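Single-structure report; data block below.
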Amino acid sequence: MRLPIRAVTPETESAEIVGWVHEVRDLGGLSFFLIRDRTGIIQVTIPKKKVPAEILDTARSVSRESVVRVRGTVKAIEKAPGGREIVPEELEIISTAESPLPLDVAEKVSAEMDTRLDSRFLDARKPRVRAIFFIRSAVTCAATAFLASRGCINIATPKIVAAATEGGTELFPIAYFEKEAFMNQSPQLYKQMMMAAGFEAVFEIGPIFRAEEHNTVRHLNEATSLDVEVSFADHNDVMELLEDLIVHVYDHVAKDCSEHLAELEIDLKVPSKPFPRIPYAEAIEIANKTIEEKLAFGDDLSPAAERAIGDTVGQHYFIVDWPTDIRPYYAMPYPDRPEFCKAFDLMHPRMELSSGAQRIHDHDLLVERISAKGLSPESFEFYLKPFRYGMPPHAGWGLGIERLVMTMLDLPNIREAVLFPRDRHRLMP
């Protein structure tokens, strides 16, 4: 019976393993293979004078990244990976890999990002790359468990829609029989509708689509968003929920993914609560102290401004009290100063991670705000209808999973945090 490589210890007497040939070395009287599965790497040592001829013949024909089965005696060897090796009694090539390889899984020869993504299945065999996606999986599992523990219902909303969430042109049109349709930018409208349904607290982890022409290290055209909406809550309530989630996820990864963090050479620090709350006007002042292209009140924050503020704050933080005119139509204005709204962004020192707000729950005010944005309320009738039949006060946010993983692991490019990225220039594989 096959053992995962991690389960083979120096105390194991014999073992059968199956995995990929990571490296092949020939030192005259000895041949060495490094065999890899998703749990680790083990050395297979072939003393040429002590193994059957058929094993030697098979060993000579093995190419890197071929899949092999090895059964043999385990010996404790201090200098070998994991302090043990296998001397084979059986060696079988299950699947042969062509040579040369499109890229070097052992990473002795580096590869450009495009080369890596063109052969992502092979790139993902690298222990370092695999560690990123084990951690990403841990992030989403921890977030799901945390939100369920807070009473949130996991929902699934349409990704093919008839209207834009926020208007604008950042839409992917698709052929949908005789109708006009688009890929959804956000589950925003649907999660608000579930507040009218009485679900009270919901979340979704799913894809979002933005037809942005950005081609940067932090933008994707298809991304994964963690969205939350809570009834009978204001912006402060959901900011607290968001920072609790961030701290919980970091803590979970630090405790449960130590091996993968070590592979990435990361000493993960868990953020401290509460995160600072910085008013938008103050954030502009902080940024303008150091950036060359100064911002005026009412401007959105540039990447340079985000970095400048992040350098000053040095930790996760919220930007709050945004000008109403530059936030989505559904953001609730302050009653006593309607030029500002109850919106916020969660920031990492490197970039924005999340955006949220208390939402408008009054039908007439919402229609007024939609019109003020130059949009047609008639186009949003399906969304507005629930607001006529008892919509509770509510608030929520959306959090980018790729950006969360990217900043957590200090990755240089957001494409490192998604298996098969979709950007302006990449549609395959």
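Each residue's number is its place along the chain shown, starting with 1.
Positions of Cβ are set from backbone N, Cα and C atoms, glycine also.
Feature region 'Aspartate', per Swiss-Prot, maps to range 188-191 of the set 188-191, 260-263, 264-267.
According to Swiss-Prot, the residue from Glu282, Glu339, Glu352 that belongs to the ATP site alongside Arg210, Ala211, Glu212, Arg218, His219, Leu220, Gly400, Ile401, Glu402, Arg403 is Glu352. Using DSSP to sort the residues of the region 'Aspartate' (188-191) gives these counts of helix, strand and coil: 4 helix, 0 strand, 0 coil. Taking Cβ-Cβ distances under 8 Å and a sequence gap of 6 or more within the same chain, the neighbours of Glu212 (ATP binding site) are Glu170, His219, Asn221. Sequence-distant contacts of the region 'Aspartate' (188-191) (same chain, at least 6 residues past either end, Cβ-Cβ under 8 Å): 155, 157-158, 165-166, 202, 204, 227-229, 328, 330, 380, 383, 396, 398. DSSP assigns Arg403 (ATP binding site) to a helical segment in the three-state reduction.
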